[in-house]
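Engineer: First the structure, which I've put down as structure tokens, then a few questions once you've had a look.
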Amino acid sequence: MCGIWALFGSDECLSVQCTNAMKIGHRGPDAFRFENVNGFTNCCFGFHRLAIVDQLYGMQPLRIKKFPFLWLCYNGEIYNHLTLKKQFEFDYQTKVDGEILLHLYDRFGIKKMASLLDGVFAFILLDTANRKVFLGRDTYGVRPLFKLLTDNGFLAVCSEAKGLTNITHAMATPPNIVPFPPGHYEVFNLKQNGKVQSLQLEQFHCCTQEPAHAIYDTVERLPTSFDEETVKNNIRTLFENAVRKRLMAHRRIGCLLSGGLDSSLVAATLVKLAKEEKLQYPIQTFSIGSDDSPDIIAARKVAAHIGSEHHEVNFTAEEGIQALEEVIIHLETYDITTIRASVGMYLVSKYIREKTDSVVIFSGEGSDELTQGYIYFHKAPTPKAAAEDSVRLMKELYLFDVLRADRTTAAHGLELRVPFLDHRFTAYYLSLPEEMRIPKHGMEKHLLRESFKGLNLIPDEILWRRKEAFSDGVMSEKKSWYTFLQEHVESMVNDDRMEKARKMFPHNPPCNKEAYHFREVFEKHYPGRAEWLSHYWMPRWINAIDPSARTLSIYKPDKDQ
């Protein structure tokens with residue numbers, strides 16, 4: 001995890017602008033560099049480093065002797081960099097995984113470069129020889145990127161929007177700050193005065209396509225039959241491969257463990273592969289919740305089963321409520337379910353940073369969207385509708401769960417790894433017949449569970465544990481985190497203000513007091529930026545008025561099964 005920031009054609013002195021780059025310092029606590037671009041006095045890069053790979057040569061912007069005209073600032077990990085280096089016989093100068101971008105760009109151009117990257121990334125690539133600037137972001141937007149472009153061609157780019165909100169510019173009205181679209185790259189002409197002109201914005205990968213880098217993967221072509229046993233075997237093979245490739249790190253690896261199916265499969269596979277790869281330390285797992293929360297109890301069982309070094313972080317409603325404003329500042333959103341679920345993840349990340357030496361953190365994000373894990377999928381009218389909604393959720397991850405996972409970990413200088421969002425794994429799963437992927441026998445994610453049945457990888461009761469929203473599972477079944485929040489905001493937002501909510505906030509008007517309170521905090525720190533969120537996350541097909549699983553009529557806790 002790093003923080004990247006760059007300006008092209010600044011209208012203001014760079015020494016004034018660079019204070020904005022410090023707003024994302026949490027993303028890279030190990031080192032900071034601010035560098036002007038030779039020959040372009042109003043262009044510069046800012047970089048906050050979290051050192052994970054190549055401690056010596058990993059500072060950015062990355063430049064190498066072979067390509068003195070290329071400047072690269074990127075945030076991410078390229079898991080296939082050594083495979084591609086060998087495949088194309090590139091002559092490396094560093095051990096930095098990102099060096100592969102320079103070689104691929106030089107040989108193949110920007111589109112093929114981006115499509116061959118197996119990993120998570122957001123990049124800014126400057127080519128001074130051809131006077132071009134390139135931006136790009138991975139398929140699911142696991143790594144964040146925002147841009148500001150004025151009418152007169154001043155471009156500012158940052159890992160988080162907060163590094164752009166106070167940029168000085170010559171325009172009469174504030175320019176839009178927009179998230180860069182996942183799976184796309186953009187090409188700009190760089191003028192002599194440092195200003196830019198956008199030439200093309202193009203998609204290089206969509207979640208339903210097999211990625212171009214698959215032909216160079218360590219796991220070769222899989223059997224194409226849709227026979228159930230073949231499919232289950234392919235799922236296991238690709239998932240294990242997704243976890244294995246993410247072991248690339250020079251810092252200690254840990255794993256978030258809620259005790260649900262997804263994080264348990266990740267943690268169990270991680271512990272298994274860490275032993276095979278002979279890592280010199282035990283894998284630490286981390287759960288958060290109140291003493292009697294379903295998540296804490298389930299995670300304890302999984303940790304005992306897999307033999308991890310387990311840490312439990314106690315979580316009270318009071319601590320959660322105190323952290324709310326800080327969490328919203330980091331998230332840059334007012335989405336209800338994102339904020340609810342982020343509080344626990346933010347606090348457990350804080351614990352990891354302060355009390356342990358784990359820095360690279362595995363997590364189970366992406367599985368619910370990919371494998372139709374949300375409870376509302378039981379109500380899908382047809383398998384086709386379910387499949388289409390799964391793809392929609394995958395494409396919107398960068399607004400919701402992936403945003404939550406990135407910001408809550410990056411807030412404490414941790415690096416997130418999400419094997420369920422592996423390009424090959426997701427493309428394969430989404431290619432399966434629609435009927436295979438729907439909930440069966442009253443159980444969501446039935447195919448995923450069946451794929452790991454009988455292996456003793458995780459306890460059977462966890463393999464078949466029903467979906468519990470992270471924001472709900474951290475508290476007792478008697479009283480959920482959702483309920484505590486409702487009570488807290490009741491006294492903070494009066495009925496008069498609620499009646500005027502639509503007039504006050506015409507874009508995504510809050511529908512209850514909790515949403516109103518979140519919006520107020522958001523507007524306090526990011527006034528006039530409501531468009532960053534296009535819509536609230538909400539279940540489909542069941543007329544839901546709240547995103548919490550526990551509020552749905554079809555919710556049944558495990559003990560009722």
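Cβ atoms are placed via backbone N, Cα and C, with glycine included.
According to TrEMBL:
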DOMAIN    2-191  domain 'Glutamine amidotransferase type-2'
ACT_SITE  C2  active site, for GATase activity
BINDING   D97  L-glutamine binding site
BINDING   L256, I288, S363, G364  ATP binding site
SITE      E365  site 'Important for beta-aspartyl-AMP intermediate formation'
Engineer: Given the recorded positions D97, E365, which one's Cβ is surrounded by the fewest other Cβ atoms within 10 Å?
Structural biologist: D97
Engineer: The record lists L256, I288, S363, G364 as binding ATP. What's the largest Cα to Cα distance among them, in Å, rounded to a whole number?
Structural biologist: 15
Engineer: Using only C-alpha positions, which one of C2, D97, E365 is spatially nearest L256 (ATP binding site)? These are the recorded positions in the record.
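Structural biologist: Ranked by Cα distance from L256 (ATP binding site), first place goes to E365.
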Engineer: Mind giving me a neighbour count for C2 (active site, for GATase activity)? Other Cβ atoms within 10 Å of its Cβ, every protein chain shown.
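Structural biologist: C2 (active site, for GATase activity) is surrounded by 27 other Cβ atoms within 10 Å.
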Engineer: Taking only the recorded positions D97, I288, S363, G364, E365, which one has a CA atom nearest to the CA atom of C2 (active site, for GATase activity)?
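Structural biologist: Checked the recorded positions D97, I288, S363, G364, E365; minimum Cα distance to C2 (active site, for GATase activity) goes to D97.
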Engineer: G364 (ATP binding site) to D97 (L-glutamine binding site): how many Å between their Cα atoms?
Structural biologist: 24
Engineer: Determine the Cβ neighbour count for G364 (ATP binding site): the number of other Cβ atoms within 10 Å of its Cβ.
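Structural biologist: Its Cβ has 25 other Cβ atoms within 10 Å.
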Engineer: Pop the Cα-Cα gap between D97 (L-glutamine binding site) and E365 (site 'Important for beta-aspartyl-AMP intermediate formation') into the table, whole Å please.
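Structural biologist: With the alpha carbons as reference points, the distance is 23 Å.
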Engineer: Any idea what the Cα distance is from D97 (L-glutamine binding site) over to I288 (ATP binding site), rounded to a whole Å?
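Structural biologist: Here the two Cα atoms are 33 Å apart.
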Engineer: Which residues, sitting 6 or more apart from S363 (ATP binding site) on the same chain, put a CB under 8 Å from its CB?
Structural biologist: C255, L256, S263, V266, A405, T409, L416, R417, V418
Engineer: Find the average pLDDT over the domain 'Glutamine amidotransferase type-2' (2-191) in the predicted model and report it.
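Structural biologist: For the domain 'Glutamine amidotransferase type-2' (2-191), the model's average pLDDT rounds to 94.
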